[in-house]
Amino acid sequence: MEWSLTIDKAMPRPLRVILRGVGQVFFCCNAVTGLIFLVALFIGGVTAGAAATVGVISSTVAAYLLGFSEDDIDAGLYGFNGTLVGPCLFLFLENSPQLWLYVVLASVLSSVVLAALMKILGPYKIPASTSPFVLTCWMFLVAVYAFDSFSRGPVLPHPGTPAVVTDAVAIPADMWFTALSKGVAEVMFADSVIVGILFLTGIAIVSLRGALMAVGGTVIGVVLPMLLGANQGMIEMGLYSFNPVLTMMAVGWVFLKPDGRSAVLAVLAGVLTVVCQAGLASFLAPIGLPTLTFPFVLTMWMFLFAAGMSKYWSHPAAE
Amino acid sequence: MEWSLTIDKAMPRPLRVILRGVGQVFFCCNAVTGLIFLVALFIGGVTAGAAATVGVISSTVAAYLLGFSEDDIDAGLYGFNGTLVGPCLFLFLENSPQLWLYVVLASVLSSVVLAALMKILGPYKIPASTSPFVLTCWMFLVAVYAFDSFSRGPVLPHPGTPAVVTDAVAIPADMWFTALSKGVAEVMFADSVIVGILFLTGIAIVSLRGALMAVGGTVIGVVLPMLLGANQGMIEMGLYSFNPVLTMMAVGWVFLKPDGRSAVLAVLAGVLTVVCQAGLASFLAPIGLPTLTFPFVLTMWMFLFAAGMSKYWSHPAAE
Amino acid sequence: MEWSLTIDKAMPRPLRVILRGVGQVFFCCNAVTGLIFLVALFIGGVTAGAAATVGVISSTVAAYLLGFSEDDIDAGLYGFNGTLVGPCLFLFLENSPQLWLYVVLASVLSSVVLAALMKILGPYKIPASTSPFVLTCWMFLVAVYAFDSFSRGPVLPHPGTPAVVTDAVAIPADMWFTALSKGVAEVMFADSVIVGILFLTGIAIVSLRGALMAVGGTVIGVVLPMLLGANQGMIEMGLYSFNPVLTMMAVGWVFLKPDGRSAVLAVLAGVLTVVCQAGLASFLAPIGLPTLTFPFVLTMWMFLFAAGMSKYWSHPAAE
């Protein structure tokens with residue numbers, strides 16, 4: 001919306017760049033949205049908020065010192081991976097003072113990995129998206145497991161109320177509401193309804209279609225696993241939702257022409273993201289790694305690469 | 001042969017495209033060959049034949065609806081991955097009505113993955129070949145294991161006669177014949193001599209060299225594992241053969257200038273395919289995944305990329 | 001140094017090409033350096049030296065027969081992967097006459113894989129480095145485990161003196177010296193101080209900066225794992241050092257403009273190589289595979305791709 005862009009432009013540059021970095025987690029190049037996200041993160045937990053702040057600053061400053069494109073830095077593109085690295089390491093590793101150093105180092109690495117993937121994917125006009133966050137966190141998590149200097153934190157967030165629910169129709173309305181909003185919140189590892197609502201608000205400020213796609217993604221991430229007989233506790237925490245949320249936003253709003261056809265494609269991509277997540281989770285379980293947002297990344301890459309071969313979406317510049 | 005091309009051209013377009021899709025499993029853009037393959041599949045088992053039919057139709061129609069290149073669709077390129085997806089899912093998962101829906105969904109995804117890989121590999125003029133089939137089936141197999149709504153089917157086809165054979169020389173001639181023809185049949189998961197012979201016939205209609213390379217591949221896939229001390233039952237079922245069959249056809253007939261030099265290269269590639277298959281099988285065993293045709297895909301990619309660096313095979317257009 | 005280049009040029013071509021192949025293990029296109037390395041290898045162990053010789057000859061001759069670029073062959077680029085394949089297979093598999101055949105076959109494959117990766121990475125001006133050696137050896141190791149015709153050799157070299165050392169300060173000076181020099185020797189699987197010193201001498205003949213980077217890499221590979229609480233025996237054998245040694249040489253000397261800025265970047269890359277190695281080791285442990293030099297390859301690729309996006313290092317030709 002107009003007013004939010006005005007505020008975005010009125011901010012001092014360093015603050016704007018950092019807040020845009022937070023906003024880019026949901027593809028929003030808007031400091032007001034980033035501020036709402038950051039406030040929501042602190043509401044979800046002070047440590048998570050602080051870790052995200054340290055992460056976004058570290059990755060952005062690293063990109064500046066390493067001489068990467070100032071335009072990209074200004075758009076917050078070197079911020080969102082750091083934003084995710086912070087809370088992720090604090091969720092999966094034991095809290096300790098040393099961990100802050102790890103967050104800084106991992107956030108710096110995420111900027112190096114992002115630049116590398118931009119170089120590789122650039123000719124195809126495909127975004128690296130959150131893949132640097134995923135690859136960096138995987139590397140740090142397995143490294144920490146190897147060195148044993150940290151003990152392993154909880155691999156999954158506290159399980160919430162394990163409600164005994166047997167079929168979709170029997171779920172009361174408020175539980176649906178919980179599952180749907182937490183699905184958006186879990187993108188940044190928050191197990192909270194209010195955080196999810198704030199995230200959706202921040203997205204809606206930038207684009208109603210974006211917010212709609214996010215809601216569509218949570219619906220897929222709740223209904224589909226239910227039909228396939230997945231674990232109820234995980235569904236209610238939104239752990240099947242955050243990947244299709246991102247996929248539907250990417251395919252149905254950000255990277256393809258936003259029309260009816262790409263909305264249909266986004267639903268198909270959302271469904272396949274859930275399949276991909278279940279598959280990747282099985283694959284990674286023996287190593288003890290979480291899938292993070294890699295199911296979203298893989299599915300989005302497949303669909304965007306494929307779109308480049310279609311007469312409906314191929315970008316003239318990329319042909 | 002001339003007459004087969006005449007029949008191919010005389011068919012109504014939808015039928016021709018679908019049958020060519022089946023034929024492309026062995027690189028044959030010919031509806032007559034495709035028809036022979038399909039009949040063979042039904043002889044091997046009605047379910048496998050029906051699953052292949054559903055798969056090839058789903059993936060071809062999906063490619064059409066998603067707006068991919070009509071030339072590629074007409075050549076059957078969007079059909080062969082679906083042809084393989086169908087019988088594969090029915091072999092490795094428990095038969096149930098729901099499974100037909102999975103076959104459709106996986107075949108659709110295989111077309112998306114094929115378009116994506118064509119976009120990526122296009123600049124190098126390297127074919128995606130059966131990799132979309134492999135990646136899609138792996139994803140669906142691990143996803144199904146994760147959701148537990150299907151129980152896991154037999155990971156390997158029924159073991160056949162576990163003949164007690166100790167060295168190559170001692171094998172009677174008819175057993176050799178069995179092993180060699182089944183090696184070709186197993187490309188489409190058929191454990192049957194007659195299916196193998198029909199497949200070879202279909203290939204020979206298009207190219208004698210192609211059929212010769214296929215036979216060469218089965219010989220490598222029987223003799224080499226025998227020398228290396230592999231499991232006899234697997235060798236006799238042709239489970240070490242279907243990968244070198246495809247590699248030798250790709251390297252020695254389809255993608256490089258078919259001369260003496262590429263025939264020698266094809267033998268080397270065939271030998272390394274067996275090594276690659278043994279390696280990949282060890283690697284995938286803990287996850288419970290079959291290698292499918294990925295050893296062929298990996299080896300073919302290596303040799304075709306490498307051929308682009310050689311003065312003997314580099315394509316002028318790709319330099 | 002001048003004199004070494006004169007000797008290099010005076011040698012008969014086949015000898016020069018082979019010795020340069022050995023030299024290229026440490027990025028040195030210099031036959032004198034290669035000769036020092038080869039002598040050092042034989043001092044470390046006659047089998048290792050002979051295996052390296054068979055490997056470098058096989059991979060170089062294969063590249064010639066397959067028609068790959070004569071310039072690249074002359075520079076020794078088709079030799080160093082074979083040089084590494086030989087001692088690697090002899091370390092990890094049981095010694096047997098058949099193993100020599102495996103070394104030849106694996107060295108030939110390493111040249112095919114190198115050409116393939118050169119084709120893929122060429123447009124980005126990124127080197128394949130030792131990745132063909134790693135991929136080929138992984139494939140052969142898992143294949144051999146699968147076929148059971150060899151029993152599995154020691155997965156790690158004999159553990160050396162398991163000195164009871166608790167912190168870095170307490171280590172006596174001579175033990176530091178041992179750890180530092182062995183770190184360089186382990187690049188070619190030699191657990192020996194004298195071999196390490198000879199390797200450093202060979203590098204210093206070509207470039208003092210290169211030798212300095214190598215020493216920097218061993219320091220990182222000793223100090224960092226110590227701080228992170230890694231296994232003392234492995235540190236003293238230099239098993240955490242050989243990867244950062246190669247990374248620091250690649251980033252700080254060979255592939256980026258050698259100045260102060262790239263030296264700082266090399267230190268950062270060296271630190272992350274150790275993290276990557278610990279991570280990859282955890283990841284590969286269930287399959288029983290060693291990391292070999294893949295942590296170096298991955299980190300170097302990340303940093304070189306990323307450098308292409310930076311205003312400080314981007315190559316004009318690659319933009």
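Every residue gets a Cβ built from N, Cα and C, even glycine.
Under the heading transmembrane segment, TrEMBL lists A:21-43 (among others).
Tertiary neighbourhood of the transmembrane segment (A:49-68): same-chain residues 17-18, 21-22, 38, 41-43, 76, 78-87, 89-90, 100, 103-104, 106-108, 110-112, 114-115, 188, selected by CB-CB distance under 8 Å and a gap of 6+ residues from either end. Taken from TrEMBL, the feature transmembrane segment covers A:49-68 (among others).
Beyond the ends of the transmembrane segment (A:75-93), by six or more residues, the same chain brings 17-25, 29, 34, 41, 47-48, 50-60, 62-64, 68, 99, 102-103, 106-107, 110-111, 113-114, 130, 132-133, 136-137, 140-141, 144, 150, 152-155, 157, 188-190, 290, 292-293 to within a C-beta distance below 8 angstroms of the stretch. TrEMBL lists A:75-93 (among others) with the feature transmembrane segment.
Within its own chain, the transmembrane segment (A:99-118) is flanked in space by residues 51, 54-56, 58-60, 62-63, 66, 68, 72, 77-78, 81-82, 85-86, 89-90, 93, 128, 131-133, 135-137, 139-140, 144, 150, which lie at least six positions past its ends and keep a Cβ under 8 Å from the stretch. Here TrEMBL flags A:99-118 (among others) as transmembrane segment.
Residues or ranges marked as transmembrane segment by TrEMBL: A:130-147 (among others).
Look at TrEMBL and you will find A:187-206 (among others) tagged as transmembrane segment.
Within its own chain, the transmembrane segment (A:211-231) is flanked in space by residues 26, 167-168, 176, 179-181, 183-184, 199-200, 203-204, 238, 240-249, 252-253, 263, 266-267, 270-271, 273-274, 278, which lie at least six positions past its ends and keep a Cβ under 8 Å from the stretch. Residues or ranges marked as transmembrane segment by TrEMBL: A:211-231 (among others).
Beyond the transmembrane segment (A:237-256), the same-chain residues lying 6 or more positions past its ends with a Cβ under 8 Å from any Cβ of the stretch are 26-27, 127, 129-130, 156-157, 159-160, 179-187, 191, 196, 203, 207, 209-210, 213-214, 216-218, 220-222, 224-225, 230, 262-263, 265-267, 269-271, 273-274, 276-277, 291, 293, 295-296, 299-300, 303-304, 307, 313. Sequence annotations record features per position, and here TrEMBL assigns transmembrane segment to A:237-256 (among others).
Residues 142, 213, 216-217, 220-221, 224-225, 228, 230, 240, 243-244, 247-248, 251-253, 256, 294-296, 298-300, 303, 307 of the same chain lie 6 or more positions beyond the ends of the transmembrane segment (A:263-287) yet place their CB under 8 Å from a CB of it. The transmembrane segment annotation in TrEMBL covers A:263-287 (among others).
Annotation comment: TrEMBL describes A:293-313 (among others) as transmembrane segment. With a cut-off of 8 Å between Cβ atoms, the residues of this chain six or more beyond the transmembrane segment (A:293-313) that come close are 84, 124-127, 129-131, 133-134, 187, 242-244, 246-247, 250-251, 255-257, 261-262, 265, 269, 272-274, 276-277, 280, 319.
Under the heading site 'Important for channel permeability', TrEMBL lists A:Thr293. Secondary structure at A:Thr293 (site 'Important for channel permeability'), as computed by DSSP, is coil. If you take the C-beta of A:Thr293 (site 'Important for channel permeability') and look for same-chain residues 6 or more apart in sequence within under 8 angstroms, you find A:Leu84, A:Thr130, A:Phe133, A:Val134, A:Val187, A:Phe242, A:Asn243, A:Leu246.
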